[in-house]
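Trainee: First, the structure itself, so that you have it in front of you.
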There are 2 protein chains.
Amino acid sequence: MAPRRGGDGGNAGGELPKRLKTDGAILQTIKDFAEATARAGIRGEKRSLSDLALEESCREVAELGSGEVKEEIEKLVLSVTKSILQGQGLAYTVPSRTSANQLYVEELDRIVLKDKTSIRPFASSSTVKKTAITTRILELVHQLCSKQIHVTKRDLFYTDVKLFTEQAQSDTVLDDVSCMLGCTRTSLNVVASEKGVVVGRLVFVEDGDRIDCTKMGVGGKAIPPNIDKIQDMESDALFILLVEKDAAFMRLAEDRFYNRFPCVIVTAKGQPDVATRLFLRKMKMELRLPVLGLVDSDPYGLKILSVYMSGSKNMSYDSASLTTPDIKWLGVRPSDLDKYRIPQQCRLPMSELDVKTGRDLLEEDFIKKDPRWYQELELMVKNKEKAEIQALSSFGFQYLSEVYLPMKLQERDWI
Amino acid sequence: MAPRRGGDGGNAGGELPKRLKTDGAILQTIKDFAEATARAGIRGEKRSLSDLALEESCREVAELGSGEVKEEIEKLVLSVTKSILQGQGLAYTVPSRTSANQLYVEELDRIVLKDKTSIRPFASSSTVKKTAITTRILELVHQLCSKQIHVTKRDLFYTDVKLFTEQAQSDTVLDDVSCMLGCTRTSLNVVASEKGVVVGRLVFVEDGDRIDCTKMGVGGKAIPPNIDKIQDMESDALFILLVEKDAAFMRLAEDRFYNRFPCVIVTAKGQPDVATRLFLRKMKMELRLPVLGLVDSDPYGLKILSVYMSGSKNMSYDSASLTTPDIKWLGVRPSDLDKYRIPQQCRLPMSELDVKTGRDLLEEDFIKKDPRWYQELELMVKNKEKAEIQALSSFGFQYLSEVYLPMKLQERDWI
């Protein structure tokens, strides 16, 4: 069933539906925006840590192929063997991943790791076990890269429970090994479980299979845990619509929103998982498309956007491959509540914890750097009101896809 | 990368890999089983509530099309209108869904609803609000069926927050309306969010798109929330492998296990959601394939199997369309721990709550009816040991797909 333009917006929705222009006019607006984004992307593309004259020296990891990872491990093992033969014993130099060693780089708009390291000697009672674990993890990763298979952190833990004792141990050392080898955790062939789905104007090859995301019904395609299996992305979309929640994704997929306004729709169903973050970044980089974020109007919606954009502190060493710069905050923004006349009953009072979380966010770099984001968040904290994307259903089930989003696009109403 | 037969089972695994027969021999074993299942299916297929001479009269709902649901609503509204015009006021007859009105039917192996009902009059201060909510839900569902769109429970709640006040209210009445109209909740076009994924030897049509699950890369196809969009299932698989967790699904998908032993692999990533349960049942019924369950060896693994088989108590009125009878417990079974020599370190001690949950399960009908299931559970509770599917990784990352599962199939080791 093809969605009709405008529509009656269900039972209510006021004047807005009448103010909607033709789809052609709205499309032209998005086209201009998409082209501007692509041009900016080409200009800004070379920005990496090495281009910036930072006072502090920083460390970043890269996406490496299985062969390269094997080579790095072999080099490392050779060097420690040499150290042992020279009578200096077994020790690893491990980059520090504590918050004291983290830095938010405004020019890159993400958190990176500074270059402090520590020595992990085998001949010390405090580090002997960690050194043994590090050696074992290096061996297991070498095995994974040789076999070219992928496993989860949990699988890795179970290969040697006796040594690792608990999963936190093998997990931590795995992140250490990423930093030591200078590659992403995904390059180690250890992946997170998948949660995300994608639908819309995107075609890619996954492990040899050609996937056409316009032909994935209403359920969409599950985003695979191993991003390196994805190749040859192609798209005639004008933008990527990043959706916080499942329900909104479902509405847009069922209405085939992407056929009316060419786009790719992606969601991680809540907290962004690593696979979805990698996938989003890959799309953004290869297709040079603008990304518009549709999240709940509450502090957690903003936090979710920030994880996509600036990364989580825990994995700051890998911020380059996990973050997608320049995501636009499309909605639902605190100012939308009045602008779109969301009924009072559909707004929820913020709890004390919500308000505190909001106030804390006001101090975060990614909010402070854009006065418009700051103002919106200030408004939320002041009014102490939040709203879910689904609050738009109060004007009819298809208000989101037939009125709210077209209007947002028409008015370039993103920040 | 095509998986090799047998393999070295990683670092260990003992004698088992050597005892594996050729794939051809194992395939013949599964073929015999699949044929027997299909024959049994044809014999047992007509078993429904009406075929049984139960002493108590029971109520079940059916999958109805949008047109039929509309008709039922219109009939209902006409009858209450008549009642109003006759001066008898507005009242609904609502089936009771309390546990006192539930019944486990052994012949069907699922929970059904008995036929107790209650009257919900508008002219009573205790039920006036619920009657109003019921009327509003009937109106909204009629609208959904007319537009042929699907929404979530959350969307439904937001269409009239003023009346519903909280989501629990609209959710409860929605289930009431299902029972009143005699149709499944899915027929009302109100769906749960999707979580499940599927991969393997299955082709179907989803909302007009042809989906080939052998060509879904390693991530698989997301199972859609609205089962009625799925049609024309075809398969040359010999069995359905129902997997509790994501990590095992990933392993089997990456190893393309379904190409070595033709099967369909499906997971709900933990607790079974409604969409995955509907999907599994549809597959089982249309393709007449045996279903083999691979879950953790703990009480929750068993609970998950039971939800797929017998349904959850909360939705017992809809057990016919939500349950898949006759799922075989393939593994990981408590007796497997010794049989497959799972190292002591990979077994986890059961907490007191685990043991209590296990003991409670011993009282459940679905366990008691099969002495082999009962024995296995008894063993678990006696040894107070549990193990995850991933514990098999202690013999090598691919032990699951290259040794454990082929051996299970070869020996018909399911109960």
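Every residue gets a Cβ built from N, Cα and C, even glycine.
OK, TrEMBL features for this one:
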- A:Tyr158: active site, nucleophile (ACT_SITE)
- A:Tyr158: active site, O-(5'-phospho-DNA)-tyrosine intermediate (ACT_SITE)
- A:Glu244, A:Asp296: Mg(2+) binding site (BINDING)
- A:129-190: domain 'Spo11/DNA topoisomerase VI subunit A N-terminal' (DOMAIN)
- A:194-231: domain 'Type II DNA topoisomerase VI subunit A all-beta' (DOMAIN)
- A:239-409: domain 'Topoisomerase 6 subunit A/Spo11 TOPRIM' (DOMAIN)
Trainee: Mind checking which of A:Glu244, A:Asp296 has the fewest other CB atoms within 10 A of its CB? They're the binding-site residues.
Mentor: A:Asp296
Trainee: What mean pLDDT does the predicted model reach across the domain 'Type II DNA topoisomerase VI subunit A all-beta' (A:194-231)?
Mentor: 92
Trainee: What is the total of other Cβ atoms whose distance to the Cβ of the residue listed as 'active site, nucleophile' is within 10 Å?
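Mentor: Its Cβ has 28 other Cβ atoms within 10 Å.
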Trainee: Suppose we call a site close when its Cβ is under 8 Å from a Cβ of chain B; which of the recorded positions A:Tyr158, A:Glu244, A:Asp296 are close?
Mentor: A:Tyr158
Trainee: Take the domain 'Type II DNA topoisomerase VI subunit A all-beta' (A:194-231) and count its residues per DSSP category (helix H/G/I, strand E/B, coil), listing them in that order.
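Mentor: Across the domain 'Type II DNA topoisomerase VI subunit A all-beta' (A:194-231), the residues distribute as 6 helix, 16 strand, 16 coil.
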Trainee: According to DSSP, does A:Glu244 (Mg(2+) binding site) sit in a helix, a strand, or coil?
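Mentor: DSSP assigns A:Glu244 (Mg(2+) binding site) to coil.
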Trainee: If you run the three-state DSSP split on A:Tyr158 (active site, nucleophile), which class comes out?
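Mentor: The three-state answer is helix.
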Trainee: At the Cα level, what's the spacing in Å between the residue listed as 'active site, nucleophile' and A:Glu244 (Mg(2+) binding site), rounded?
Mentor: 33
